[in-house]
Amino acid sequence: MERVNNTLLTAFILTGIPYPLRLRTLFFVFFLLIYILTQLGNLLIFITVWADPRLHAHPMYIFLGVLSVIDMGISSIIVPRLMMNFTLGVKSIPFGGCVAQLYFYHFLGSTQCFLYTLMAYDRYLAICQPLRYPVLMTAKLSALLVAGAWVAGSIHGALQAILTFRLPYCGPNQVDYFFCDIPAVLRLACADTTVNEMVTFVDIGVVVASCFFLILLSYIQIIQAILRIHTADGRRRAFSTCGAHVTVVTVYYVPCAFIYLRPETNSPLDGAAALFPTAITPFLNPLIYTLRNQEVKLALKTMLRSPRTMSEV
């Protein structure tokens, strides 16, 4: 690593994730397929929700369409840069590119966190208060909630980027990670990072913990309501509407908590854990929601079988 005294850095070098050199091509092809399938799967979900009036009339599917956009964004920000780790040459990223990557990752990641909370609240209203659901969760309200999630996510991302890059970076310039994230970048700052680490822990901790608490509270109420359903078929259908959401929330929150909500370490497991919210979860979301949702599968089949039918519905 080269140390440049009294000179601010103009670029960072991403070391990527460790891997056996003989598997370079295999990993490149694997993540290329992951990226392509992520974009195609989420784009297909978004188009299906947008094209089918029966879907985009329901808040749950509006949220699902927005989630697809976020997943495409996160995947595009991280995975192409990750793939460069499996090519020859130095993996440098301009200083401005590092700032942008950190901002957009935390912007979209926190927006996704808020969106998962809205989806849990939507399921709570649909199952616990089904008669009042059309009044409580209107299309206008769902649009306002989504807009609020975008705004809150943008503010969160801007706060993290400003706090991280207000510090001087004068060397070394080697980021021991596969993308520009807060813990890895802060290690290179030429100043005391105690305040940054504390603010990051509190800010991300508040977002993650409050969202997770609200989701948990919603599902406690949902489970209690489902257990009061007398028929086994009714309970099964109620659980099936929540199963996909519970799955993606678990896959998303556990790695994020491992990365950000623990004492500062430089564990090799950080990179493996970060692959879940950045590459694996965006890839799995379309599969999970499509395979577990009969209405989405029906709309997909209808659209793929006869595009004209969709335009006439």
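Yeah, the Cβs are placed from backbone N, Cα and C, and that goes for glycine too.
Feature annotation from TrEMBL assigns domain 'G-protein coupled receptors family 1 profile' to 41-289.
What TrEMBL records for 26-49 (among others) is transmembrane segment. Taking Cβ pairs closer than 8 Å, the transmembrane segment (26-49) reaches residues 19, 55-56, 61-62, 64-65, 68-69, 71-72, 75-76, 79-80, 82-83, 86-87, 279-280, 282-283, 285-287, 289-290, 296, 299-300, 303 in its own chain, all 6 or more past its ends.
If you look up TrEMBL, you'll see 61-83 (among others) marked as transmembrane segment. Listed as Cβ neighbours of the transmembrane segment (61-83) (distance under 8 Å, sequence separation of 6 or more from its ends, same chain) are residues 14, 16-17, 28, 31-32, 34-35, 38-39, 42-43, 45-46, 49-50, 55, 91, 93, 101, 104-105, 108-109, 111-112, 115, 118-119, 122, 139, 142-143, 146, 149, 178-179, 277-279, 281-283, 285-286, 289, 295-296.
Per TrEMBL, the feature transmembrane segment maps to 103-121 (among others). With a cut-off of 8 Å between Cβ atoms, the residues of this chain six or more beyond the transmembrane segment (103-121) that come close are 60, 63-64, 66-67, 70-71, 73-74, 77-78, 142, 145-146, 148-150, 152-154, 156-158, 160-161, 179-182, 207-208, 211, 214-215, 218-219, 245, 248-249, 252, 256, 277-278.
According to TrEMBL, the feature transmembrane segment maps to 141-163 (among others). Counting only same-chain residues 6+ beyond the ends of the transmembrane segment (141-163), those with a CB under 8 A from a CB of the stretch are 59, 62-63, 66, 99, 102-115, 118, 122, 182, 196, 199-200, 203-204, 207.
Marked as transmembrane segment by TrEMBL: 204-227 (among others). Residues of the same chain lying 6 or more positions beyond the ends of the transmembrane segment (204-227) and with a Cβ under 8 Å from any Cβ of it are 110, 113-114, 116-117, 120-121, 123-124, 127-128, 156, 160, 235, 238-239, 242, 246, 249, 253, 256-257, 260-261.
The transmembrane segment annotation in TrEMBL covers 239-261 (among others).
Taken from TrEMBL, the feature transmembrane segment covers 273-291 (among others). A Cβ distance under 8 Å defines the sequence-distant neighbours of the transmembrane segment (273-291), meaning residues of its chain 6+ beyond its ends; these are 17, 31, 34-35, 37-38, 41-42, 44-45, 64, 67-68, 71-72, 74-75, 78-79, 82, 105, 109, 177-179, 181, 244, 247-248, 251-252, 254-256, 258-259, 297, 300.
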